[in-house]
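Asks: Checked TrEMBL, it gives:
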TRANSMEM  B:20-43  transmembrane segment
TRANSMEM  B:55-74  transmembrane segment
TRANSMEM  B:111-130  transmembrane segment
TRANSMEM  B:136-155  transmembrane segment
TRANSMEM  B:167-186  transmembrane segment
TRANSMEM  B:222-239  transmembrane segment
TRANSMEM  B:268-288  transmembrane segment
TRANSMEM  B:300-331  transmembrane segment
TRANSMEM  B:343-364  transmembrane segment
Amino acid sequence: MSLLEVRDLDAGYGDLQILTDVDLDVDDEEYVTIVGPNGAGKSTVMKSVFGLTTHMGGTVTFDGEDISGTKPEDVIHKGLGYVPQNENVFAELSVEENLEMGAYILDEVPQDALGTVYDRFPILEERKEQRAGTMSGGQRQMLAMGRALMLDPELLLLDEPSAGLAPDLVDEMFDKIDEINGTGTAILMVEQNAKEALRRCDRGYVLSNGQNRYEDEGTVLLNDEEVRREFLGG
Amino acid sequence: MNISETYVRYRRSLGEEPLAIGVVLVALWMAWTLVSGLATGGIRVSSLASLVWDGLLRGLIIGLAGIGLSMTYSILNFANFAHGDYLTSGAFAGMATSYLIAGIGENSVGALLLVGAGGSVFGGAIGIGVTTSPVAVALGAIVAGASTIALALAIDRFVYKPIRDESGIALLITSIGVAFALRYLIQFVFGAGVRGTTAAGSVPRVNVPALDGTFRITAHDVSLIVVAGGLMLGVHLLLQRTKLGKAMRAMSDNEDLARITGIPTEQVIRTTWIVGAGLTGVAGYMFVLWKGTLGFNDGWLLLLLVFAAVILGGIGSIYGAIGGGIVIGLTASVSVIWIPSEFGRAAAFMVMIVILLFKPSGIFSGRTTA
């Protein structure tokens, strides 16, 4: 049984259905990406796992427990972390306060986890007193990841981690994700930068119009004629 | 640069900045009136000092009341028009307590609990004052805060919570209804008369010399400063140092992110009402203790100034509410140097409008909580 199992998921916003019969698995310590054109419903899959959409059918199972329809503030207790694409830091709070909020559900701020995050992203320790809203896009993205890692989740959801980053930072960001995955955290990632994402991941899904289209090892998808022509621009 | 260029530049600056020029001219005229008035003795330094002192105290009350309004606005995303009547409720509950403690034995309990409705008991006669009845005043302030907390939580539970997911407009209009209901309920119970609440004559005072005279500082002025300053410092420490306070700032910043971080939003909302309403109740009580009169309309009349202060400071920012409160309070008091006193409130709104024209999002714009 996989760590995360999505079966026949129908979901959307209010009356608007976006996803139809989506199936998706993430195994322990696996690195999975979802690619596809704009409006394919990639982000909606992530939001649905975290209870931020209207659940219309199907199941989301995590670690053997059905979590479909669980409220967002309860999902984090199950061992999942989520970095949304936009507005993913508390702009008014300092860097350190953002990280403290990441561990809000614990009684005390876990100093070892805080140390691990600072080791992984040294810039955050240098700037821990700075207001998050005044940092650059790349630094904010690191802070958002750091915040989600404070509880050492079994599965980390990353929505477009490279969006809006300067080209030289994109590689650094993907390296960080490899490192996080290397220490045993499973990753489910949505990426615009589909080629790089598929090159790095274990397995990939191609989504279009809210439905599964292809699923295979990342490098296989990358070399598939149809996938290349339809979704990767040749 | 030739003459025609200079002329064009001059014309352009006039055309683009008529407002700025107008404001500068008015400011110059005001400064000239003040300086010449002070020089010729038309305006006494001591009366100016007295107006500034009065404005500062008024500003502290507006600011303290504004913190509660600002907090509920930034976390619940709606402007609570019933806020002014929370002030009045706090004032009545607190004064009823003070009356009861100070006057028990010599007066009927009913008359004391109704804060002397219809002239049955007078605050002056039973000696309400921070020095004459310190226990009654301290307990009155505590009851004012506690009862307003209970009231705000009850109203939230039965009125606002069921429509929390509706738009801010629905909540705002509902809060206007709550405001009317509360105000006339208070009038129904306590009567419409404005009563004197303190033994004004026996409040200790010192006359502070100011060049050509003196201005007065009373014990009630000092207690207002101590209470308001202490509570403001307390809120600051709560928001900056405690986990719950940081969660409140986080939620006001980005509610969706707060939820996926596991912050229990209903608990934060409850805390917001507790802190906001507590401050509001105490502000209402201190206001009435300080000015020495109490009527069912007091909070409603103050609410417009509180709104002005909160908007001026940058809505959602508690430091903006304090800063804005002091600006509004000072303007309303000091403006009588230039204009008839009936226009003091209008002047406060003028200043608000002018400041917003130059800085549309308020003095502390964008800094919701820091």
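Using N, Cα and C of the backbone, Cβ positions are placed for all residues, glycine too.
For each listed feature, how buried is it and what is near it?
Replies: Away from its own ends, the transmembrane segment (B:20-43) comes close to residues 14, 212, 337-338, 354, 358 of its chain (Cβ-Cβ under 8 Å, at least six residues beyond either end).
For the transmembrane segment (B:111-130), the list of distant contacts is 92, 95-96, 98-100, 102-104, 136-137, 189-191, 193, 195-203, 219-220, 223, 289, 292, 294: same-chain residues at least six beyond its ends, Cβ to Cβ under 8 Å.
Long-range contacts of the transmembrane segment (B:136-155) within the same chain, counting only residues at least 6 positions beyond its ends with a Cβ under 8 Å from a Cβ of the stretch, are 82, 86, 89-91, 93-102, 128-130, 178, 223, 227, 270, 273-274, 276-282, 284-286, 289.
A Cβ distance under 8 Å defines the sequence-distant neighbours of the transmembrane segment (B:222-239), meaning residues of its chain 6+ beyond its ends; these are 57, 60-61, 63-64, 67, 130, 137, 141, 245-246, 248-249, 275, 279, 282-283, 286, 289-290, 318, 322, 369.
Remote same-chain partners of the transmembrane segment (B:268-288), defined as residues 6 or more beyond its termini with a Cβ less than 8 Å from a stretch Cβ, comprise 61, 64-65, 67-69, 71-72, 75-76, 83, 86-91, 93-95, 140-141, 144-149, 151-153, 156, 197, 223-224, 227-228, 231, 235, 238, 244, 247-248, 251, 258, 294, 298-299, 302.
Here the transmembrane segment (B:343-364) has Cβ contacts under 8 Å with residues 19-20, 23, 304-305, 308, 311-315, 317, 319-320, 323-324, 327-328, 331-333, 335-336 of the same chain, all six or more residues outside its ends.
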